[in-house]
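According to TrEMBL:
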- 1-23: signal peptide (SIGNAL)
- His61: active site (ACT_SITE)
- Glu115: active site (ACT_SITE)
- His119: active site (ACT_SITE)
Amino acid sequence: MKSNFSLLSKLLILQYLSLVCLAQDFDFFYFVQQWPGAYCDTKQSCCYPKTGKPAADFGIHGLWPNYNDGSWPSNCDPDSVFDKSQISELQSSMDKYWPSLSCPSSNGFRFWSHEWEKHGTCAESELDQREYFETALKLKEKVNLLQFLKDADIVPDDGFYSLDSISEAIEKGTGFTPGIECNKDSARNSQLYQVYVCVDTSGFNLIKCPILPRSRCDSDIQFPKF
């Protein structure tokens with residue numbers, strides 16, 4: 001009887017721990033937007049989507065679950081594959097705000113499938129597939145990076161702007177310090193490439209980043225035309 005009780009206790013403890021792990025499988029999201037001018041202005045170049053050249057605006061890269069220590073989960077549920085029927089009502093918005101610039105030219109499904117399977121499946125405790133993409137689109141409306149920068153007279157004119165001024169402009173718009181990632185053009189100029197803001201696990205509220213991605217930017221960076 002005692003051994004049966006002990007076994008039952010262990011099973012209950014394991015069940016409890018599994019539920020705790022499921023409820024706390026990530027700590028926050030990075031919401032990442034990329035500047036298409038910087039993506040295209042490299043040796044790798046780019047290909048416009050089949051819908052045509054995107055607008056000169058920051059595009060969504062992804063909504064990425066993260067841990068407070070800087071690590072992240074990925075590819076959490078191999079059985080949860082991308083289902084384009086889940087986003088049929090969102091597709092026109094995704095074509096506009098979440099375009100793929102990789103080559104060869106595509107309709108976006110490959111890009112969105114990658115984002116769901118690598119990152120979205122790790123947020124299924126909070127967001128199902130439709131909610132995941134819908135949440136990212138709503139965050140895009142809330143985090144209007146191009147407008148925040150224009151309000152500070154920072155525009156994509158191939159000019160160079162201080163990294164601090166770009167960060168301050170985005171912080172003024174969001175209330176929080178962003179993470180800024182740069183890449184290099186063919187002339188080895190450091191250019192504004194991606195911006196990270198942090199969001200709570202609901203996908204709704206912007207928060208102070210527990211940890212910022214490491215910046216590889218010069219003190220003055222180029223904001224390339226697109």
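Every residue, even glycine, has its Cβ placed from backbone N, Cα and C.
Distance from the CA of Glu115 (active site) to the CA of His61 (active site) is 8 Å.
Considering other CB atoms within 10 Å as the measure, the emptiest surroundings among the active-site residues His61, His119 are those of His61.
Cβ environment of Glu115 (active site): Gly62, Leu63 lie under 8 Å away, each six or more residues apart in the same chain.
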